[in-house]
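Everything on this sheet refers to the single structure shown next.
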Amino acid sequence: MAYRLIIVGPPGAGKGTQAKGIAERRGIPAISTGDLFRAHAAAQDELGKLAASYSERGALVPDEVTNRMVAERIAEDDAAAGFLLDGYPRNLAQVDALDEMLGETKIDAVIMLDVDDDVVVRRLLGRAKQQNRADDTEEVIRHRLEVYHQETQPIVDAYAARGLVVRIDGGAGIAETTQRIETALQDFLG
């Protein structure tokens, strides 16, 4: 069965870790926009140069560029049986663009990792200490969370209106969260 999935959650929720596992268990690629940006930048192709021209000056990469990267990636052979998107869509215009890319095919589920803000702050402060990232202060992390909530809620609301959101308590450890996701997806997707 083909699965077209999206995973959303705050920074530090474990999206990347969970996305890899979900994708592996279903034999579909986990497609991260961050990875796409890095791959195109490394290849120094047209989209990579375009994206770099924005990010080098601290600007957000325009939707048109991101949409093209995603459209090209989901058109590849390994995504024919489905995919899991991480980091896309980020706004309602991208939700519409994804709908257009998929045509008659639709997203099957949006996995929403719910993690309490205080848990996220603890996780990210711990990660910052481990990785010597002095720029990840509590104030910076809380600001990132505020931006995340503002940007993500409209997307979650749009997919919830379609009955596609599967909410998962992501506050536990990796193994327990994985089990919760698998149980919920089995119930939701059949």
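Start at 1 and count along the chain as shown; that gives each residue its number.
Every residue, even glycine, has its Cβ placed from backbone N, Cα and C.
Because TrEMBL annotations are produced automatically, they should be read as predictions rather than curated entries.
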According to TrEMBL, which candidate in Ala52, Ala59, Ala172 joins Gly12, Ala13, Gly14, Lys15, Gly16, Thr17, Arg127 at the ATP site: Ala172
Range annotated as region 'NMP' - as stated in TrEMBL, picked from 32-61, 92-121: 32-61
Averaged pLDDT, computed only over the residues in the region 'NMP' (32-61): 88
Those residues of the chain, 6+ apart, with a Cβ under 8 Å from that of Gly16 (ATP binding site): Ser32, Asp86
Which listed residue (Lys15, Arg90, Arg127, Arg133) has most other Cβ within 10 Å, given these are binding-site residues: Lys15
Fewest other C-beta atoms within 10 angstroms, as judged across Thr17, Thr33, which are the binding-site residues: Thr17
Residue pair Thr33 (AMP binding site), Lys15 (ATP binding site) - Cα distance, angstrom, rounded: 12
Thr33 (AMP binding site) - helix vs strand vs coil (DSSP): helix
